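Straight from TrEMBL, the features:
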- B:488-515: compositional bias 'Basic and acidic residues' (COMPBIAS)
- B:92-142: domain 'NADH-Ubiquinone oxidoreductase (complex I) chain 5 N-terminal' (DOMAIN)
- B:158-464: domain 'NADH:quinone oxidoreductase/Mrp antiporter transmembrane' (DOMAIN)
- B:484-525: region 'Disordered' (REGION)
- B:23-41: transmembrane segment (TRANSMEM)
- B:53-71: transmembrane segment (TRANSMEM)
- B:141-158: transmembrane segment (TRANSMEM)
- B:164-183: transmembrane segment (TRANSMEM)
- B:246-265: transmembrane segment (TRANSMEM)
- B:345-367: transmembrane segment (TRANSMEM)
- B:373-390: transmembrane segment (TRANSMEM)
- B:411-437: transmembrane segment (TRANSMEM)
- B:449-468: transmembrane segment (TRANSMEM)
- B:529-549: transmembrane segment (TRANSMEM)
- B:626-648: transmembrane segment (TRANSMEM)
- B:762-780: transmembrane segment (TRANSMEM)
Amino acid sequence: MIAQNIGFWIIAIVMIVAALRVVTTNNVVHAALWLVVVLAGAAAQYILLAAEFVAVTQVLVYIGAVMVLFLFGTMLTRARIGTESDLNNSYKKLGIPVGLVMFAAMSVALVSSFGDEKLPQTASVVSTQEISDQIFGPYLLPFWALSFVLLAAVVGAIVLARKD
Amino acid sequence: MKLFASESEVLAPLVSGWFLEHAWLIPVVPVIAFALIILFGKRLPMKGSELGVLSMLSSLVLAAGAGYQWIQRTNSATEEQFVEPVIKSWSWWRSGGFDFGIGQHIDGLSVLVLIVVAFISTLVQIYSLEYLRGDRRYTHFFAALTLFSGGMLAMVLADNMILFLLGWEVMGLCSFMLIGHWWEDDANSKAALKAFFTVRTGDAGLLVGITMLYFSANDWTQEHLGVSGFSIRGISAWALSGEPNSTVITISAVALFIACIGKSGQFPLHTWLPDAMAGPTPVSSLLHSSTMVVAGVYLVARLYPVFFVGLDILGSGGNLIMIIGAITIVISAALAFVQNDIKRVLAYSTVSQLGYMMLGLGAGAWLPAVFHIFTHAFFKACLFLGAGSISHSASHHSFDMKRDMGGLRKVMPITFITWVISTLALCGVFPFSGFFSKDEIIDNVGHNGYTNFMIIGLVGAFMTAAYMTRATYLTFFGEPRGASAGENSHDSHDSHDSHDAHATHDSHDSHDSPATHDSGGSHGPHESGLLITVPLMILSVLALSSGFLNATPFGESWERMKLWVEPRAVEVVGVTHSGGPGEALIITAPGAEESHSESVCGSATPESGICYAPQLKHAPFKWSKAILSMFIVFLGAALSWILSLLLFTKRDRRLVGLTQRVKVLGLGHKFLVNKYYLDVLYEKVIVRSIAYPIASAAYWFNQNILDGILHGLANSTKKLSGWVYRNIDQRVVDGTVNNSATFTKSVGTAAQPTQSGKVSQYGALLFSAAAVAALVLVIINT
Amino acid sequence: MFVNQFLFLAAVLFCIGVYGVVARKNAVLMLMSIELILNSVNINLLTFALRNGSTDGHVFALYIIAVAAAEVGVGLGLVLLVYRNKKTISVDDLSEMRG
C-alpha cells in the first residue's frame, strides 16, 4: 500500500507539472510532448486504479494515435518548430481566477462528500472479459451509437481536410 | 375478498380478434410505405403516390377491423364489466439495466383516434393526388405525408411513453418537412422553422414529464403490475394509487401539459399554427383536423389520471388546463375576426376548438372532449379541403377572401354546400355533429360546477358563429371580386413558376400555390374535379351524421360512444355514472367502497385494488340548455350576417372605416391584427434576450446596462405621461412595443462587446458562469 | 489510498485544462487542453468504478477515449481547413460570429 501511495504521489506531481507546462509553454511541439507525459501518467494512475485494459487503451489510442495526429496538425499548419510568443490571448488573466474558483468549489464539494474515505484494499484487477461482457451486454446500444459517431467523424474529417 | 371472488366468477370472457391482436400493423404499414416511396417512388408509374394511398387504405381497413372487434369486445362484456384493453408489449432495446418496450395499447380511445386518423389521412391523400399534380417534389410530399400519418398512428397505439415520444417527434419532423414543402419561398421555410421550434419548446416538457414519471412510478409499477414505469397503463394506475408524492405528480403533469400547449397550439404557444398555413392545403387539413394538433389533446386524454391527480381536476375553482383552454377559446376566436386569409380564419378556429377540448378535459368532461376530437376532425378537414378547392379552381391560388373571393356559391355548388354543412357543424347547430360534442362540453363544464368557464364556452360559441358567418359571407356571397370574378391578375400559372411569381407578389396570398392548374387553359372560376369533391362530400356527410354516435338528447340508447369508448359504468353509491379514460374500469363489489371511499376512483379492481381511471360524472341533457346555446349561436350568426352585409356589400357609411374613425375600435383592431404582439414578444424580446444571456451575466455591473435600464425607464415614464395626456390612443400599444424594443436594443448595444465572435472569450465567459454557478451550489448545500 | 487523492488529482487537471481552453489562442493548443479535461474525467470514472466495485466506469472510460479520438480527428480537420482558408490558426482571428 505504501509503495502504491508513493507511486501515486510521484506520478501525480509529475502530471500536474506537465499539465501546467502544456498550458503555459511557448512551443507547440513542446506542449504536445508535455501532453504525452500527462497522458502516460494518467495511464499509470489507471493501473493503480485496477483498470488494466483502460490503461493499455489509453497508451494505444492517446499516446499512439492522438499524439501523432497532434504532431501532424502542428506540422501541417506550419507552426514554427520553436518558441512562439503569440500563443496566448488577452483572456489569460481571466483564466486564472476561473480555474481557481472552480477548483475551490470542487475542493469543498470533495472534502465534504468523501472526507477521508478509503478505496477498498483488496480490489482485484478488472479483467478484460468483464469489460467486454458489459460492453456487449447492457451497454451494447451506446456501443453502436459510438460506432456511428466514429464513422461520422472519419467521414467528416476526410471531407473537411480534403483539398478541393 | 370472498365477494370479489364470487363477483369475478360471473364475468363473461371478453372476445378478442385478429384485428385487435394485430393492431400494431396499423402504423407499421405506412412506415414501410414511406421507406418504399423514398427508395423507389420516382420510378413508379404514379411517382409513389399510389403506395401512399394504398398504405393509408390498408391502415384504414385494419383500423376499422379493430374498431369493429373492439365494439364486439365491449358488447361481450357484461353490463358492469371492466373491458380490458388489448395490450401487447415486446422488448425493443435494453441499455444499462433499462428496458425499453414497444407495443400496442388498444382500447376505446385509441381505436377511435386510429380510425379518425386513418380515415382523414386516406381522404387527404386522395385529394392530394389532384391538388399537387405536377409538383416538383410530388414523391417526397407523399413520402412525408405517409410518414406523418404513420407517426401519429404509432403515437396513438403506443403502450409506453417511449414509443409515444417517438411518434410525437416523427410527427414534429414531418410537419416541418410538409409546412416547408415549398421552401424556395422564404416565408414558407420561416413558417416551417417557427412551427418546429415552437413545438420543440413544448417538447422539452414532454421529456421532463416522461423522465419524472418513470423514476417516480417505476418501483410501484414493477411491484404491482410487473411493467416498467414507461407503460401508459402502469403510469395511469400509479397516479390513482394514492402512492405518488403530490409535488412530483403536479410537476410532471404541468411538464406534460406544456408539451400539449406546444403541440396543440394552446395559448401562449399558439402562434405557430396560423403560420403553418404556409404548407400545401392538404397538409393544413391533415395537420389541423386529425393529426399533430390533436396529439396534445390525446396526451391529456391518454394519461388522464396523471392530470386528474396532478392538477386537481374536478377540484374547486378550476385548474391549469381549464384556464389555458378558456383563454385559448376566446383569444383565438377574436383573432379570427380580423383575418382576410380564409385558411387563417380556419386555423384560428382550430385553435379555438382545441381550447374547447382542453376545457372539457380540464373540467372532467372526458368523453365529450374525446368525442369532440372525433367530430371536429371531419368538419375541420372538410372546411380546409373546401378552402383548398376554392383556391385551386376559383381564385388562382389566392386565399384572400376580401380580394379574390365572393359570390362563389353559384359556380362551386358542391364546395359551397359541403362548406355550409361543415360550418354549421363547427358552430354547433342542432342536428350537425358539432352540436353533440361541443354543446356536451359546455354543458358538462357547467354541470361540474364551473359556471364562469361555461359562460366563456358560450361566448366562444357566439364568436365562432360570428366569424364563420363572416368568412362564409365573404367567400360565397356578395359580388365576385378579384380572381374569382375572372380577373387574371397572374398571367402564368403552369409549372412551378407561378408559385415563385406569387411569392414576390404578396406574402399574404403566397402561402399556397400548387404547381399546376388542372384546367389548363380555362382561367375562370369553376367547380373542382372529382378527386377533390368526392372527399369533400364524404367528409360533409360525416360532419352531418357523426354526431349521432353519441346523441345524448335522444336518451341512453343513442350514447354509443359512452358504451364503446368509455368503459362500462360502475354503479357506485352516490354517483350515477362513473367512467374513465379509456383504460380500465374497475369492478365494484360491496365492501370495496368502504375501504376506498376516499380514493378518486371510488372503487377498485378485484385483483389487487388497482384503479385505472378516475370517477367522472355526466351532465344530464336538458333541452332548455341546448336551446339557450342554439339561441346564442343564431344570435352570433345573424349579427355577423347583418354586419357583413352592411359592411361588404352595401358599404354602409356608418360602418366602413369605423376602425379608422373610432380610436378604441382601431386600437382593438390593431391589437388583433398584430396577434396580441405575441410574436413581437417572442422574437424581439425573448429570443433577443436569450441571444445575449452570457453578456448580461458577465457585464452585470456594466455602466452601460444601468444606463440602458435608466434610459428605458425614462422612456417608459415619458410615454406613460404622454398616455395620460392623450387618453386612450393608438400610441399606447406602439409605445409599449417601442419601449420594449428600445430597452432590448440598449441592452443589446451594451452587451455587444461580449458578442465579439471570439471563441476563447465565449469559453472564458461560459466557464466563469459555470464556476460561479458551482460556487453558488456549494454555498447553498453547505 | 484515499478516494479523494485521485479525485483531487482529477480536479487539478480539470482546472488546468479549463485555464488552457480560456488562455490559449492557438487552436491546436486548445484541443490539447480539452484532452486534459477529458482525461481528468476518466480518472474520476475509474476511481468511482473501483470504489463502487462495478465495471460501468471502465466501459464509459473506454467510450470517452473513443469519443476523444473522434473529436481530435474532426477538430484537427477543422483546424487544417481554417488554416488553408485563412493562413492562421489563431482562434482570435476567427470572429465571423461577431454579434
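Think of each number as a place in line: the chain as shown, counted from 1.
Positions of Cβ are set from backbone N, Cα and C atoms, glycine also.
Note on the transmembrane segment (B:626-648): residues 402, 427-430, 435, 439, 442-443, 458, 461-470, 473-474, 478, 553, 654-656 of its chain, located 6 or more positions outside it, place their CB under 8 angstroms from a CB of the stretch. Taking Cβ pairs closer than 8 Å, the transmembrane segment (B:164-183) reaches residues 27, 137, 140-141, 144-145, 147-148, 150-156, 158, 189, 191-193, 195-196, 199-200, 203, 206-207, 210, 232, 259, 263, 276, 278-280, 283, 287, 291-292, 295, 299, 302, 499, 513 in its own chain, all 6 or more past its ends. Among B:53-71, B:345-367, B:373-390, B:449-468, B:529-549, B:345-367 has the largest number of CB pairs under 8 A with the transmembrane segment (B:246-265). Counted over residue pairs 6 or more apart, the CB atoms of the transmembrane segment (B:449-468) and the transmembrane segment (B:53-71) come under 8 Å in fewer than three pairs, which marks the two as apart. Shown for the domain 'NADH-Ubiquinone oxidoreductase (complex I) chain 5 N-terminal' (B:92-142): DSSP residue counts in helix, strand and coil, namely 29 helix, 13 strand, 9 coil. By number of Cβ pairs under 8 Å, the transmembrane segment (B:373-390) is matched best by B:529-549 from the list B:345-367, B:529-549, B:762-780. Within its own chain, the transmembrane segment (B:529-549) has Cβ neighbours under 8 Å at 123-124, 126-127, 129-131, 371, 374-375, 378-379, 381-382, 385-386, 388-389, 392-393, 414-415, 417-418, 421-422, 425, 431-437, 518, 558, 560-561, counting only residues six or more beyond its boundaries.
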